[in-house]
């Protein structure tokens with residue numbers, strides 16, 4: 001039984017979907033004014049891993065993640081680059097799709113864009129105004145936060161404390177326009193030549209919070225299973241989404257709230273962010289390292305915990321990934337001539353590890369415990385691959401189970417095709433030299449292969465080879 005830590009209740013709760021064997025998920029997507037950085041990728045990969053585990057457990061997942069393609073950052077960036085906001089959005093949505101594909105993120109069921117849902121946003125705001133939850137001031141529209149009795153419930157904050165904080169962070173001009181300092185914008189009146197749309201209360205554009213309320217309920221329904229995002233979105237973004245959505249529908253918005261931890265950098269574990277200038281983009285990093293290494297680092301840490309991004313953590317991820325890949329390759333190699341009987345003990349151990357994996361991941365998607373089980377499975381198949389007699393059917397069963405568990409973390413385990421005839425010939429020459437006890441020639445050929453980036457592994461069944469970093 002899957003248990004989820006619900007930010008709303010601050011407890012682990014047994015997951016009970018609205019519809020049996022189906023999961024509806026909404027995860028806040030990027031504002032597409034630049035390349036995503038590794039901190040953004042943490043959330044994307046964390047929720048992709050959660051989605052993959054639901055699928056591993058037999059659930060059908062409808063996964064919606066939006067693109068914020070109009071806001072202040074979009075407008076400012078487009079102006080700086082001398083292009084339109086839609087052109088900027090198209091550019092970085094394309095870049096986003098390339099980046100997430102590189103780190104093996106499954107495509108969302110839907111990636112709605114805010115600008116494609118303007119009519120729905122206007123209708124949503126009008127409904128809130130009709131219900132008395134929103135008011136217009138000179139073309140702007142604000143939400144009456146105090147009218148929503150549960151405001152602050154998600155972030156566990158008192159509304160009076162929120163009022164005090166709001167009064168310290170809002171400029172005097174905007175404060176004067178609002179009925180209450182904690183009220184927030186649903187619609188912003190157009191300024192100059194900014195991109196804008198016509199609405200009954202004036203030409204302008206939507207606020208950030210209303211976009212997610214509209215797109216999540218439009219594509220998943222008034223109530224859906226899971227809403228996710230980074231922990232920095234709890235307040236005000238997710239708090240405001242709840243206030244908007246539940247005021248409009250009169251129903252519970254999301255049933256489970258999930259928030260991932262930050263990526264930190266430096267000795268003081270500072271949060272990685274564009275505003276602090278301490279970020280590394282996925283676009284740049286995947287050109288320097290195997291993207292699977294970044295995926296491994298991000299997906300094998302429990303999603304609520306922070307990840308410290310260092311060269312050492314990347315190297316550890318690289319080493320562990322190679323161990324898992326090599327275990328797969330070694331066992332796959334034994335398929336040739338595998339005619340022995342199946343090993344009942346190995347089958348029992350494999351079945352137990354599959355059970356252990358489910359136990360680990362059912363506990364709030366505990367990836368650290370889950371990947372530990374995958375390491376244990378790798379050790380099991382390494383031992384089995386060294387047996388004198390192995391069984392082909394059992395090898396395939398082990399490889400299938402192993403690959404399915406690894407795939408939950410977005411790790412692709414597969415046989416690497418070594419079809420280089422020149423290398424094959426050099427390996428054969430070395431094997432013959434070893435058989436002839438011509439160690440000088442054997443060592444010379446090993447060094448030659450090493451210079452070619454080839455790693456050799458001598459086994460009782462023969463010499464296996466692979467190219468470095470594959």
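Just so it is clear, glycine is given a Cβ too, placed from its N, Cα and C backbone atoms.
Between the listed ranges 266-270, 271-275, 276-280, Swiss-Prot ties the annotation motif ''KMSKS' region' to 271-275.
Ranges compared are 30-40, 41-51, 52-62, and Swiss-Prot records motif ''HIGH' region' for 30-40. Neighbour counts were taken as the number of other C-beta atoms within 10 angstroms of each residue's C-beta; across the binding-site residues 28, 212, the minimum falls on 28. Only residues 6 or more beyond the boundaries of the motif ''KMSKS' region' (271-275), in the same chain, are considered here, and those with a CB under 8 A from a CB of the stretch are 34, 37-39, 232, 262-265, 309. Packing around residue 237 (Zn(2+) binding site) is summarised by its Cβ count: 16 other Cβ atoms lie within 10 angstroms of its Cβ, all protein chains included. Annotated pair residue 212 (Zn(2+) binding site) and residue 274 (ATP binding site), C-alpha to C-alpha distance, rounded: 22 Å. In the three-state DSSP classification, residue 212 (Zn(2+) binding site) falls within a helix. Residue 28 (Zn(2+) binding site) falls outside any helix or strand according to DSSP and counts as coil.
Secondary structure of the motif ''KMSKS' region' (271-275) per DSSP, as helix, strand and coil residue counts: 0 helix, 1 strand, 4 coil. Taken together, the residues in the motif ''HIGH' region' (30-40) have a mean pLDDT of 96 on the 0 to 100 scale.
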